[in-house]
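Visitor: Annotations per Swiss-Prot:
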BINDING   C12, C103, C198  [4Fe-4S] cluster binding site
BINDING   H43, H81, H131, S226, N228, S271  dimethylallyl diphosphate binding site
BINDING   H43, H81, H131, T170, S226, N228, S271  (2E)-4-hydroxy-3-methylbut-2-enyl diphosphate binding site
ACT_SITE  E133  active site, proton donor
Amino acid sequence: MNVIKISPRGYCYGVVDAMVIAKNAALDKSLPRPIYILGMIVHNKHVTDAFEKEGIYTLDGPNRLEILNQVDKGTVIFTAHGVSPEVRKIAEDKGLVAIDATCPDVTKTHDLIRKMKAEGYHVIYIGKKGHPEPEGAVGVAPDIVHLVETEEDVERLDIEAEKLIVTNQTTMSQWDVHDIMEKVKEKYPDVEFHQEICLATQVRQEAVSEQAKKADLTIVVGDPKSNNSNRLAQVSEEIAGTKAYRIGDLSELKLEWLDGVETVAVTAGASTPTPITKEVIRFLEQFDHEDPSTWKISHEVPLHKILPKVKAKT
């Protein structure tokens, strides 16, 4: 089968940095145990499973505060999505060692919110409700940050502040953000704009919007909790006009999706391990509609291949 390997795809620098930070923590014998990650370090189950094998445990829950309530000792790692100042303070009050793996692009948004609050602004924040990145951002200044996910949410806003700025979750689709920002401008004509689509997210979305046009089908390799992976599938369908499916790994690929397909495009979310994507590409490249011997789907990437290699400190 013809395979278009969409480029760029896969890991971004923020994800790699977060994984290296966590891997170094696993190797650092001076850190108090146990070591916990507050939520998924990045939104990919293969990564969290691999870290558990390294002795780093992922804790889950509806929000970071409730997750932190599960921890009474040891070390906590804040994920790439960032956390609120309240979470940091509680971790400190509990006497926990805290390691920060927040993506620098997320930190920029937190800094912006602090600056805007100091200058008397209210902030409209476009993001996905229930996602940890907006949770952390809103938590920076909950009294002046208003979370919206849809144009309908914008219509329900009732903000009387004279100074208003709109920003967004870094992994949103730039097209989604544009439409919601236009709605904000319609309701609040004097609003200021500060779009925060991270460059890695933007170039991956743009690559899909152009390169997927040449395919009959797009396969996005990414975890169901990965917002940027889900957005890539959305971009393929809504912008490139190409049907898309998101899969966690090769085991989730359905052969019936390939019926009548001559060319398939493959991309991956920013938190998807490269070996997982390569396995999908290899299968599709050898797949032949006429040869049943090429139809067997078998996911075989071992956990020790998932994490970046880091040298132990001497």
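Placement of Cβ uses the backbone N, Cα and C atoms for every residue, glycine included.
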Visitor: Considering only the binding-site residues H43, H81, H131, which fall within 10 Å of C103 ([4Fe-4S] cluster binding site) when distances are taken between Cα atoms?
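Guide: Near C103 ([4Fe-4S] cluster binding site) by Cα: H81.
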Visitor: Rank the binding-site residues N228, S271 by the number of other Cβ atoms within 10 Å of each Cβ and report the first-ranked residue.
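Guide: The residue with the most neighbouring Cβ atoms within 10 Å is S271.
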Visitor: For H81 (dimethylallyl diphosphate binding site), which residues of its chain lie six or more apart in sequence with Cβ-Cβ distance below 8 Å?
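Guide: Those within reach of H81 (dimethylallyl diphosphate binding site), by Cβ under 8 Å and sequence separation of 6 or more, are G39, T102, C103, V106, H131, P132, E133, E135, G136.
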Visitor: Do any of H43, T170, S226, S271 (binding-site residues) have a CA within 10 A of C198 ([4Fe-4S] cluster binding site), and if so which?
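Guide: Within 10 Å Cα-Cα: T170.
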Visitor: What other residues of the same chain, not counting H43, H81, H131, T170, S226, N228, S271, have a CB atom within 8 A of the CB centroid of the (2E)-4-hydroxy-3-methylbut-2-enyl diphosphate site?
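Guide: Near the (2E)-4-hydroxy-3-methylbut-2-enyl diphosphate site, beyond H43, H81, H131, T170, S226, N228, S271, sit V42, A80, E133, T171, K225, N227, S229, G269, A270.
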Visitor: Applying the rule Cβ within 8 Å of the centroid of the Cβ atoms of C12, C103, C198, what extra residues of the same chain belong around the [4Fe-4S] cluster site?
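Guide: For the [4Fe-4S] cluster site, the extra neighbours are Y13, G14, V15, A80, P104, D105, V106, T170, T171, L199, A200, T201, A270.
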Visitor: If you count, for each of the binding-site residues H43, H131, the other Cβ atoms lying within 10 Å of its Cβ, which residue has the minimum?
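Guide: Sparsest of the binding-site residues H43, H131 by Cβ contacts within 10 Å: H131.
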Visitor: Counting all other Cβ atoms within 10 Å across every protein chain shown, which of the binding-site residues T170, S226 scores highest?
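Guide: By the 10 Å Cβ neighbour count, T170 comes out on top.
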Visitor: Measuring CB to CB from C12 ([4Fe-4S] cluster binding site), give everything in the same chain under 8 Å that is also at least six residues away in sequence.
Guide: C198, A200, T201, R204, A270
Visitor: To the nearest Å, how far is the Cα of N228 (dimethylallyl diphosphate binding site) from the Cα of T170 ((2E)-4-hydroxy-3-methylbut-2-enyl diphosphate binding site)?
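Guide: N228 (dimethylallyl diphosphate binding site) and T170 ((2E)-4-hydroxy-3-methylbut-2-enyl diphosphate binding site) have their Cα atoms 9 Å apart.
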Visitor: What whole-number value in Å do you get for the largest C-alpha pair distance within H43, H81, H131, S226, N228, S271, the residues recorded as binding dimethylallyl diphosphate?
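Guide: It comes out at 15 Å between the most distant Cα atoms.
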